[in-house]
């Protein structure tokens, strides 16, 4: 194998070959393969070193609507001993993330083996992948705002779904939310504040979290907001 051929094999995927509509109807019927129970998930398929982790070790971080995987890569670098999963509903976008992780693993041998991506609908199938009190952190970064009032039921944060999130989260686990849409930010804060199992962190607690600075530019959406000099609205909540 020539050096040029080897380099070609491990090149990072290019987004122009994975373009897709920015919006997807999460209520529509999509074709998904999903497990009937979390015990049926073959995590070795996603994490090559999964068997090397302690038997009690599980996926603990979930990036819901992970987009093109920029923040997922950051999580891998920040927490090399923790397993993180990206959940993405759009087929071409999830394909890009999977190919990106494969390329990174080839380029940096031994690294990025603790992250993976699944194409699924988190609004429907989250409990099919995670057992009660499994997750330590969930991330909702720049979710689809669904501006029209008739589509607010499609928003990833609502009272019914918050109870599902509380089910899969550990006591004391954190939920990170960030958006560049003020109306959506107010919606998220209102709904989470009204839920009995979540409490918002103080500004001091948010600022002291080492993940907070990474939320602004690690994801592709966040970087775009920075380039366009837009506003970021952050809110972090603790599962109580």
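Each Cβ is built from the backbone N, Cα and C atoms, and glycine gets one as well.
What you see is a predicted model, and the numbers here were worked out from it, not measured in a lab.
The annotation S-adenosyl-L-methionine binding site is assigned in TrEMBL to 65, 88, 89, 121, 122, 141, 219, 220, 221. Among the features that TrEMBL reports, active site is placed at 144.
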- [ ] Quick one: of 89, 122, 219, 221, which binding-site residues lie within 10 angstroms of residue 144 (active site), measuring between C-alpha atoms? Sequence order, please.
- [x] none
Open item on the list: List every residue in the same chain as residue 122 (S-adenosyl-L-methionine binding site), at least 6 positions away in sequence, whose Cβ is under 8 Å from its Cβ.
Closed with: 62, 64, 65, 87, 89, 156
